Amino acid sequence: MSADGIKLLRTPGFDKSKWMQLPRDVVIGHNALDQFPAVCQDLKIGRSVMLFAGKSTMQVAGNRIEELLAPSFDISTFLARELTPESMKEGEEAACGVDLIIGVGGGRVIDTAKIVSFNLDLPFISVPTAASHDGIASGRASLQTSEGSASLTAHPPLGVVADTGIIAAAPHRLLAAGCADIISNYTAILDWELSNRLRGEPISEYAITLSRMTAEILMKNAPMIRPHQEESAWMVVKALVSSGVAMAIAGSSRPASGGEHKFSHALERLAPGKALHGEACGIGTIIMMYLHGGDWRGIRTALQQIGAPTTPAELGIPDEVAVAALMMAKTIRPERFSILDSGLTEESATALIRLLYGE
């Protein structure tokens with residue numbers, strides 16, 4: 001069929017363009033690690049591979065990956081101990097000259113692999129051993145600095161291989177935190193839409209729709225999330241990957257990060273080591289949903305069904321620290337508008353924390 005005569009529709013003054021980077025191969029399920037050689041073959045990478053792992057995650061999954069890839073690849077290992085600028089430099093020096101980086105572990109290890117691969121312009125494959133947050137498939141990474149956690153731009157993984165047997169065997173607290181991180185998409189979207197209306201910030205309807213749908217599906221299935229069940233791990237990992245894709249479409253973490261994430265980062269600074277990222281986001285989501293006039297009780301019920309904390313006391317955090325975190329939250333990433341920027345007094349913040357304990 002000839003293309004002669006076909007007229008291209010060109011809108012006067014239209015100059016938009018969009019570059020999206022998405023994971024290419026995603027394998028989720030029972031014994032997914034066994035498909036690793038096929039994934040590497042499909043991605044057509046070189047022969048030199050470096051595994052980034054922790055001591056425990058090397059035993060959980062890293063050794064098995066080495067065994068599977070050894071016949072066809074030259075494999076080396078870097079133990080990622082801390083998520084700091086110093087460890088990033090060590091990782092970059094170790095990985096210089098390899099063809100592929102594989103991050104095997106939780107958020108710390110995967111973020112290390114993600115940042116190093118981005119800085120060296122190398123592809124990387126994400127192999128989560130727990131489903132505690134949506135960074136397993138996103139193009140964002142967190143780095144610990146002297147001033148707290150900093151959010152960095154990186155590339156999303158070229159592939160994701162998530163073995164539900166391994167993830168289901170991890171402590172349920174990690175899975176529940178991952179669920180809470182997904183549920184927080186609800187208020188992240190509301191903040192983004194509010195910023196669009198009040199500040200004219202551009203939004204992506206596609207990213208918003210995908211992010212909201214992901215949270216809705218998990219909320220609907222909250223009663224089915226059970227400890228150490230592969231079906232539960234399957235459901236949560238799919239949601240985490242979907243959330244990461246929404247961020248890739250948006251070109252930022254906006255579809256999954258709003259005032260509730262600001263609260264989480266503030267709480268991390270004021271009470272370090274007390275709460276997992278997703279746990280704090282879940283509590284923040286209850287508060288932000290109340291401020292938005294939404295179904296905050298429904299959010300709280302879903303978190304309780306999953307087994308995620310809904311009050312600071314459950315995390316061993318004094319209420320006054322949570323109040324201080326709420327007051328500090330708007331100073332975190334001040335360029336990112338959220339409902340917290342509408343004006344929150346300390347008296348109101350105290351009442352919001354008390355609200356968490358109510359009927």
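Quick reminder: no glycine exception, Cβ is built from N, Cα and C everywhere.
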Among HIS155, HIS277 - the residue Swiss-Prot places in the same Zn(2+) site as ASP181, HIS261: HIS277
Same-site substrate binder from ASP134, ASP163, ASP295, ASP319, given that Swiss-Prot records ASP181, HIS265: ASP134
Residues near ASP134 (substrate binding site) in space but at least six apart in sequence (CB under 8 A): GLY178, ASP181, ILE182, LEU240, SER243, GLY244, MET247, ALA256
Closest of HIS261, HIS265, HIS277 to VAL109 (NAD(+) binding site), Cα positions, binding-site residues only: HIS277
Rounded inter-Cα distance in Å - HIS277 (Zn(2+) binding site), HIS265 (substrate binding site): 8
For GLY107 (NAD(+) binding site): DSSP state (helix, strand, coil): helix
Pairwise CA distance, GLY107 (NAD(+) binding site) versus HIS261 (Zn(2+) binding site), rounded so that it is a whole Å: 16
